[in-house]
(Lines of atoms letter the chains of each structure in order from A and count residues from 1; the text may use other names and numbers.)
(Lines give C-alpha, C1' and ligand atoms only; values in the text may rest on other atoms or scores of the structure.)
Protein backbone atom coordinates (compact mmCIF):
# COMPACT_ATOMS: atom_id res chain seq x y z
CA UNK A 1 0.00 0.00 0.00
CA UNK A 2 1.37 3.39 -1.01
CA UNK A 3 0.35 6.37 1.12
CA UNK A 4 0.41 9.78 -0.53
CA UNK A 5 0.72 12.58 2.01
CA UNK A 6 1.84 16.12 2.75
CA UNK A 7 3.70 17.09 5.89
CA UNK A 8 2.87 20.36 7.64
CA UNK A 9 3.76 21.92 10.95
CA UNK A 10 2.23 24.55 13.19
CA UNK A 11 5.03 26.01 15.33
CA UNK A 12 6.88 22.70 15.17
CA UNK A 13 3.82 20.60 16.08
CA UNK A 14 4.03 18.42 12.96
CA UNK A 15 1.46 16.34 11.12
CA UNK A 16 1.03 14.02 8.18
CA UNK A 17 -1.97 15.24 6.11
CA UNK A 18 -3.90 12.68 4.07
CA UNK A 19 -6.45 13.46 1.34
CA UNK A 20 -9.27 11.16 2.45
CA UNK A 21 -12.13 12.90 0.62
CA UNK A 22 -13.18 9.74 -1.23
CA UNK A 23 -14.14 7.87 1.94
CA UNK A 24 -15.80 8.53 5.27
CA UNK A 25 -13.30 6.30 7.09
CA UNK A 26 -9.57 7.02 7.57
CA UNK A 27 -7.29 5.30 5.06
CA UNK A 28 -4.99 4.16 7.86
CA UNK A 29 -5.54 2.09 10.96
CA UNK A 30 -4.30 3.46 14.28
CA UNK A 31 -1.46 0.92 14.11
CA UNK A 32 -0.41 2.18 10.68
CA UNK A 33 -0.54 5.76 11.95
CA UNK A 34 1.93 4.80 14.68
CA UNK A 35 4.23 3.42 11.98
CA UNK A 36 3.97 6.57 9.86
CA UNK A 37 4.61 8.85 12.87
CA UNK A 38 7.74 6.96 13.96
CA UNK A 39 10.66 9.37 13.66
CA UNK A 40 13.19 6.60 13.03
CA UNK A 41 11.29 4.09 10.90
CA UNK A 42 8.54 6.26 9.39
CA UNK A 43 8.03 9.81 8.18
CA UNK A 44 7.94 11.24 11.70
CA UNK A 45 5.13 13.36 13.13
CA UNK A 46 3.05 14.11 16.20
CA UNK A 47 -0.04 12.77 14.42
CA UNK A 48 -1.83 11.89 11.18
CA UNK A 49 -4.75 14.07 10.05
CA UNK A 50 -7.36 12.87 7.57
CA UNK A 51 -9.49 15.23 5.43
CA UNK A 52 -12.79 13.36 5.10
CA UNK A 53 -15.89 14.41 3.13
CA UNK A 54 -18.21 16.84 4.87
CA UNK A 55 -21.46 15.96 6.55
CA UNK A 56 -24.40 18.12 7.58
CA UNK A 57 -23.35 21.77 7.62
CA UNK A 58 -19.60 21.06 7.40
CA UNK A 59 -17.35 21.31 4.35
CA UNK A 60 -15.07 18.55 5.65
CA UNK A 61 -14.65 16.19 8.57
CA UNK A 62 -11.33 16.06 10.45
CA UNK A 63 -10.06 12.87 12.06
CA UNK A 64 -6.71 12.54 13.83
CA UNK A 65 -4.60 9.68 15.11
CA UNK A 66 -1.89 10.63 17.59
CA UNK A 67 1.60 9.19 17.36
CA UNK A 68 0.58 6.51 19.88
CA UNK A 69 -2.48 5.52 17.83
CA UNK A 70 -5.04 7.17 20.11
CA UNK A 71 -7.66 9.49 18.62
CA UNK A 72 -8.12 12.96 20.14
CA UNK A 73 -11.25 15.03 19.69
CA UNK A 74 -9.46 17.92 17.98
CA UNK A 75 -6.11 19.65 17.59
CA UNK A 76 -5.67 23.40 17.28
CA UNK A 77 -2.34 23.39 15.46
CA UNK A 78 -3.56 20.50 13.37
CA UNK A 79 -6.67 22.29 12.17
CA UNK A 80 -4.57 25.25 10.98
CA UNK A 81 -2.46 22.79 9.00
CA UNK A 82 -5.59 21.12 7.65
CA UNK A 83 -6.95 24.48 6.45
CA UNK A 84 -3.72 25.16 4.52
CA UNK A 85 -3.79 21.61 3.11
CA UNK A 86 -7.40 21.98 1.96
CA UNK A 87 -6.60 25.33 0.35
CA UNK A 88 -3.83 23.63 -1.62
CA UNK A 89 -6.13 20.79 -2.67
CA UNK A 90 -8.84 23.13 -3.97
CA UNK A 91 -6.41 25.53 -5.63
CA UNK A 92 -7.07 28.37 -3.21
CA UNK A 93 -10.76 28.55 -4.13
CA UNK A 94 -11.73 28.90 -0.47
CA UNK A 95 -10.22 30.81 2.44
CA UNK A 96 -12.73 29.75 5.09
CA UNK A 97 -13.77 26.22 6.00
CA UNK A 98 -16.39 24.69 8.25
CA UNK A 99 -14.79 21.56 9.66
CA UNK A 100 -16.56 18.96 11.77
CA UNK A 101 -14.39 17.55 14.56
CA UNK A 102 -14.89 15.43 17.64
CA UNK A 103 -15.06 18.72 19.54
CA UNK A 104 -17.77 20.20 17.32
CA UNK A 105 -17.76 22.50 14.29
CA UNK A 106 -14.53 24.52 14.00
CA UNK A 107 -14.07 27.37 11.49
CA UNK A 108 -10.52 28.26 10.31
CA UNK A 109 -9.92 31.25 8.02
CA UNK A 110 -6.77 31.86 5.97
CA UNK A 111 -5.65 35.48 6.32
CA UNK A 112 -3.93 37.71 3.77
CA UNK A 113 -0.76 37.59 5.87
CA UNK A 114 -0.49 33.82 5.48
CA UNK A 115 -1.56 33.04 9.03
CA UNK A 116 -4.67 31.07 9.96
CA UNK A 117 -7.28 32.39 12.40
CA UNK A 118 -9.51 29.75 13.94
CA UNK A 119 -12.80 30.21 15.76
CA UNK A 120 -12.21 27.50 18.35
CA UNK A 121 -15.68 27.80 19.86
CA UNK A 122 -16.35 28.14 23.59
CA UNK A 123 -14.45 26.70 26.53
CA UNK A 124 -16.23 24.19 28.77
CA UNK A 125 -15.63 24.44 32.49
CA UNK A 126 -17.95 22.04 34.32
CA UNK A 127 -16.09 19.05 35.83
CA UNK A 128 -18.28 16.61 33.92
CA UNK A 129 -17.35 18.37 30.65
CA UNK A 130 -13.59 18.01 31.15
CA UNK A 131 -14.07 15.25 32.41
CA UNK A 132 -12.54 15.20 35.89
CA UNK A 133 -13.53 13.94 39.31
CA UNK A 134 -11.97 17.04 40.89
CA UNK A 135 -14.45 19.28 42.65
CA UNK A 136 -14.27 23.03 42.56
CA UNK A 137 -16.16 26.16 43.42
CA UNK A 138 -19.58 26.25 41.81
CA UNK A 139 -19.52 24.70 38.36
CA UNK A 140 -15.78 25.00 37.62
CA UNK A 141 -12.43 23.73 38.89
CA UNK A 142 -10.15 26.72 39.49
CA UNK A 143 -6.91 26.49 41.50
CA UNK A 144 -7.90 23.11 42.96
CA UNK A 145 -5.39 21.17 45.04
CA UNK A 146 -3.92 18.09 43.36
CA UNK A 147 -0.98 15.95 44.42
CA UNK A 148 1.17 14.77 41.53
CA UNK A 149 4.66 13.32 41.84
CA UNK A 150 4.63 13.58 45.64
CA UNK A 151 4.10 17.34 45.64
CA UNK A 152 1.05 19.63 45.71
CA UNK A 153 -0.09 21.57 42.65
CA UNK A 154 -2.81 24.15 42.07
CA UNK A 155 -4.69 23.21 38.91
CA UNK A 156 -7.44 24.69 36.75
CA UNK A 157 -9.32 22.46 34.32
CA UNK A 158 -10.69 23.55 30.94
CA UNK A 159 -12.10 21.63 27.99
CA UNK A 160 -11.74 22.89 24.44
CA UNK A 161 -13.56 19.76 23.33
CA UNK A 162 -10.54 17.91 24.73
CA UNK A 163 -9.34 17.91 28.36
CA UNK A 164 -6.74 20.32 29.72
CA UNK A 165 -5.18 20.74 33.14
CA UNK A 166 -3.38 24.06 33.63
CA UNK A 167 -0.96 24.89 36.42
CA UNK A 168 0.97 28.14 36.91
CA UNK A 169 4.67 28.06 37.79
CA UNK A 170 7.41 30.58 38.52
CA UNK A 171 9.84 29.25 35.90
CA UNK A 172 8.38 27.16 33.09
CA UNK A 173 11.83 26.21 31.79
CA UNK A 174 12.60 24.46 35.08
CA UNK A 175 9.63 22.06 34.90
CA UNK A 176 10.83 18.43 34.46
CA UNK A 177 8.30 17.85 31.70
CA UNK A 178 9.24 14.30 30.72
CA UNK A 179 9.06 13.24 34.36
CA UNK A 180 5.93 15.02 35.58
CA UNK A 181 3.90 15.16 32.34
CA UNK A 182 2.95 11.46 32.23
CA UNK A 183 1.91 11.57 35.89
CA UNK A 184 -0.58 14.33 35.12
CA UNK A 185 -1.76 12.65 31.91
CA UNK A 186 -2.60 9.38 33.64
CA UNK A 187 -3.77 10.76 36.99
CA UNK A 188 -6.92 8.95 38.12
CA UNK A 189 -8.86 12.23 38.51
CA UNK A 190 -8.86 12.40 34.69
CA UNK A 191 -10.78 9.33 33.47
CA UNK A 192 -10.02 10.11 29.80
CA UNK A 193 -6.46 11.24 30.58
CA UNK A 194 -5.52 14.89 30.08
CA UNK A 195 -3.30 17.38 28.31
CA UNK A 196 -1.26 19.40 30.79
CA UNK A 197 -0.02 22.98 30.43
CA UNK A 198 2.67 24.51 32.64
CA UNK A 199 2.44 28.29 32.43
CA UNK A 200 4.62 31.22 33.45
CA UNK A 201 2.96 34.63 33.46
CA UNK A 202 5.43 37.21 32.15
CA UNK A 203 2.82 39.97 31.75
CA UNK A 204 -0.98 39.99 31.65
CA UNK A 205 -0.74 39.99 27.85
CA UNK A 206 2.21 37.57 27.54
CA UNK A 207 2.27 33.99 28.80
CA UNK A 208 4.94 31.31 28.37
CA UNK A 209 3.73 27.72 28.17
CA UNK A 210 5.05 24.18 27.87
CA UNK A 211 2.75 21.28 27.20
CA UNK A 212 2.53 17.55 27.74
CA UNK A 213 -0.02 16.30 25.24
CA UNK A 214 -2.24 13.33 25.86
CA UNK A 215 -1.11 10.62 23.46
CA UNK A 216 1.80 12.61 22.00
CA UNK A 217 3.97 13.63 24.97
CA UNK A 218 6.06 16.79 24.95
CA UNK A 219 5.38 18.81 21.79
CA UNK A 220 6.57 22.18 20.56
CA UNK A 221 3.07 23.66 20.47
CA UNK A 222 -0.58 22.93 21.27
CA UNK A 223 -3.33 25.21 19.97
CA UNK A 224 -6.15 23.97 22.17
CA UNK A 225 -3.71 24.12 25.09
CA UNK A 226 -2.89 27.76 24.36
CA UNK A 227 -6.63 28.55 24.34
CA UNK A 228 -7.19 26.65 27.59
CA UNK A 229 -4.21 28.45 29.10
CA UNK A 230 -5.67 31.88 28.37
CA UNK A 231 -9.02 30.84 29.86
CA UNK A 232 -7.32 29.59 33.03
CA UNK A 233 -5.22 32.76 33.27
CA UNK A 234 -8.32 34.96 32.97
CA UNK A 235 -10.28 32.88 35.49
CA UNK A 236 -7.45 33.21 38.02
CA UNK A 237 -6.99 36.95 37.44
CA UNK A 238 -3.56 36.60 35.85
CA UNK A 239 -4.26 37.68 32.28
CA UNK A 240 -6.15 39.94 29.93
CA UNK A 241 -8.70 38.37 27.58
CA UNK A 242 -6.27 38.78 24.70
CA UNK A 243 -2.66 37.64 24.99
CA UNK A 244 0.34 36.16 23.25
CA UNK A 245 1.00 32.61 24.36
CA UNK A 246 4.64 31.73 23.74
CA UNK A 247 5.30 28.03 23.17
CA UNK A 248 8.64 26.30 22.51
CA UNK A 249 7.83 26.41 18.77
CA UNK A 250 6.80 30.07 18.73
CA UNK A 251 3.89 32.41 19.59
CA UNK A 252 0.14 32.10 19.14
CA UNK A 253 -2.28 35.01 19.48
CA UNK A 254 -5.27 34.01 21.59
CA UNK A 255 -8.43 36.02 22.27
CA UNK A 256 -11.35 35.05 24.55
CA UNK A 257 -14.21 37.20 23.31
CA UNK A 258 -17.15 38.35 25.38
CA UNK A 259 -19.47 35.96 23.51
CA UNK A 260 -17.43 33.09 24.96
CA UNK A 261 -15.68 32.04 21.75
CA UNK A 262 -11.91 31.70 21.61
CA UNK A 263 -9.95 32.76 18.54
CA UNK A 264 -6.46 31.48 17.80
CA UNK A 265 -4.15 32.97 15.18
CA UNK A 266 -0.90 31.35 14.10
CA UNK A 267 1.10 29.86 11.23
CA UNK A 268 0.77 26.60 9.32
CA UNK A 269 3.67 25.67 7.06
CA UNK A 270 4.03 22.98 4.43
CA UNK A 271 7.28 21.04 4.76
CA UNK A 272 7.06 18.58 1.86
CA UNK A 273 4.89 16.09 -0.01
CA UNK A 274 5.76 12.43 -0.39
CA UNK A 275 4.73 8.81 -0.37
CA UNK A 276 5.41 5.91 1.97
CA UNK A 277 5.03 2.18 1.46
CA UNK A 278 2.99 0.45 4.15
CA UNK A 279 2.18 -3.18 4.73
CA UNK A 280 -1.38 -3.91 3.62
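Any Cβ shown, glycine's included, is placed from N, Cα and C.
Taking a C-beta cut-off of under 8 angstroms and a sequence separation of 6 or more, residue 75 (active site, proton donor) has the following same-chain neighbours: 13, 15, 47, 49, 64, 222, 223, 224. Look at Swiss-Prot and you will find 75 tagged as active site, proton donor.
The active site, proton acceptor feature in Swiss-Prot is assigned to 222; the stated evidence is sequence analysis. Secondary structure at residue 222 (active site, proton acceptor), as computed by DSSP, is coil.
The substrate binding site annotation in Swiss-Prot covers 13, 66, 76, 77, 162, 195, 213, 214, 223, 224 and is backed by sequence analysis. Taken residue by residue with DSSP, residue 13 (substrate binding site) is part of a strand. There are 30 other CB atoms within 10 A of the CB of residue 13 (substrate binding site), with all protein chains counted.
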Distance in Å spanning the most remote Cα pair of 13, 66, 76, 77, 162, 195, 213, 214, 223, 224, given for substrate:
17
Any same-chain residues 6+ apart from residue 162 (substrate binding site) with CB under 8 Å of its CB? Would you list them in sequence order, or say none?
72, 73, 74, 102, 103, 195, 214, 224
Around residue 213 (substrate binding site), which residues of its chain at least 6 apart sit with Cβ under 8 Å of its Cβ?
46, 66, 195, 219, 222, 225
